[in-house]
């Protein structure tokens, strides 16, 4: 939709659309008032039942796993059990239930409003009907999905993480212990950091507040007159106009957030002093934190680069180039350098990739590739049944998603793009911090694959190695040819396969992963039944539950073999990651 040209045309378009927008807003608000008690009730009751029902198991299992963790020292275990775990375990039900009440009410009220306004977008038929029905049943269904995702996190992801904490230990992992010698210096560095950083950072934030206020107003009014940025789409004009009125509140919130962050920045001096085993480095960080905040705020507000505060080196192994060019590492190129053109519309902003979109794309690829592998006989009915029961081999649970990731990495290593249609770059990647935990290792693996310059046979071997979880017998039967003759090459490919499987296992703990995975398994099961017929006898595989393990502890009396029948139903078994 092309915006009207000229100030008066834009003003007339805004006035003409305003009554229409108000009508949609009122209709959406009515639906929100009707639905928000239901969504609040669903999320509050469902989440509270899960949190309180599993809380005793979480308490017992948390203490047991911490006490049995081989990579934690005795003194650190004592501090965690006395100081850390009680705070976390007591605050979790309170925060979880309060968050469910507030989140359920807010989601139930706001989602119908947004759905009502989106119902009049271009390309939709029967817009009047959609204005009344959009955001009703879908809001209730998504509220139930939130409860289901929380159940998966509390029952699957939690126990998987805690089991890893209990099982992984030296020599494959680091050993952590409290060093009493450096605690006094760390405490003193924390006190000094709070005394210096909090007042100085607060003063800088208050001084830059008026600049942020008028800078933001100037930018928003510029976009309003030129119909650019958030004012490009007519439907977004009222929201963008509301942003102009509420901008002072945003500025006040930013100043308060800076003041709150100053406490964490100052207290982090104790962490630096303890990590570097030097009180002197903690004092250096106290001064460097002022420079870091000043440079970052200058970059956000498009102020001149540089800072009046010194930035001493506070890490022993810190790269000097990163220290001198620190502002470049946190800058957002051309973020405020110029007013956005019409090309930088809200449509292009929506094109930025999100974590859930990438997860949906991964499972769509798993569905397509899985059907192909079923036709080739690499995925069997036994693999699918074991994926349903959560025990046995991990061909579908871990191997198939890792196989699809590897296929994308192989294509990316050749054409420097993460997909044939959409290129995943540093500019359009998801902005969530935890997404970097998955993306950065994948980018490293991509560069390693590119450096290896694998042949076709080696690529095929690596793909089957990832898919079949290193099962030598099944790899031999798959007919992909012998493994590389060089032991070094085989070791490198094995290491890549294990790392990719480990990343996939970590991704399986993502809040919405289990729900999507269940849909994938159902699709593959239906496809296998269509091609090879239904199973002769229905299987009812059941494995020992988490509560049974809490009572007997049989699964931890000896070394556990992955893929055995003694595993828990909620734990995704995998070979030990390097």
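Going from the start of the chain as shown, residues are counted 1 onward.
Including glycine, each Cβ sits where the backbone N, Cα and C put it.
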Under TrEMBL, the annotation transmembrane segment belongs to which of these stretches: 75-102, 103-130?
75-102
Which one of 148-167, 208-227, 228-247 shows up in TrEMBL as transmembrane segment?
228-247
Which stretch does TrEMBL mark as transmembrane segment, out of 253-274, 275-296?
253-274
May I ask you to indicate which of 34-64, 313-343, 344-374 is given in TrEMBL as region 'Disordered'?
313-343
